[in-house]
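Listed in Swiss-Prot:
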MOD_RES   Ala1  N-acetylalanine
BINDING   Cys22, Cys25, His26, Met88  heme c binding site
MOD_RES   Lys80  N6,N6,N6-trimethyllysine
MOD_RES   Lys94  N6,N6,N6-trimethyllysine
Amino acid sequence: ATFSEAPPGNKDVGAKIFKTKCAQCHTVDLGAGHKQGPNLNGLFGRQSGTAASYSYSAANKNKAVIWSEDTLYEYLLNPKKYIPGTKMVFPGLKKPQDRADLIAYLKDSTQ
């Protein structure tokens, strides 16, 4: 399934998902430093493995994917399948609604 087939996302629900599943390793705050994972501010339209001053795996650099609703929707289903060798330990969000909600939050909070 693709993002175009996903249910509408709710950014408020997505914020809760981010807080419980992502915030341990990521921030979305402009100018904030990296945590265990890279700062996600400016994520949309950026190529994987290119946030300044973050030490990425070769897999993330070499994938060279441009982050969009479509690519994030697929990536967040199973990160290790989408980018074999990624350092991200998160197993993914299996429910389409959860992925749509998280993407709605990320679109709102990372620009």
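Cβ atoms here come from the backbone N, Cα and C positions, even for glycine.
When Cα-Cα distances from Met88 (heme c binding site) are compared across the modified residues Ala1, Lys80, Lys94, the shortest belongs to Lys80.
In this structure, the recorded positions under consideration are Ala1, Cys22, Cys25, and the one with the smallest number of other Cβ atoms within 10 Å of its Cβ is Ala1. Within 8 A of the CB centroid of the heme c site residues Cys22, Cys25, His26, Met88, the other residues of that chain are Lys21, Ala23, Gln24, Lys35, Gln36, Gly37, Leu40, Phe90. Counting every protein chain shown, the Cβ of Lys80 (N6,N6,N6-trimethyllysine) has 15 other Cβ atoms within 10 Å.
Each of the recorded positions His26, Lys94 was scored by the other Cβ atoms within 10 Å of its Cβ; the lowest score goes to Lys94. Rounded to a whole number, the distance between the Cα atoms of Ala1 (N-acetylalanine) and Cys25 (heme c binding site) is 27 Å. In this structure the alpha carbons, written CA, of Ala1 (N-acetylalanine) and Lys94 (N6,N6,N6-trimethyllysine) are 12 Å apart. A sphere of 10 angstroms centred on the C-beta of Met88 (heme c binding site) encloses 20 other C-beta atoms.
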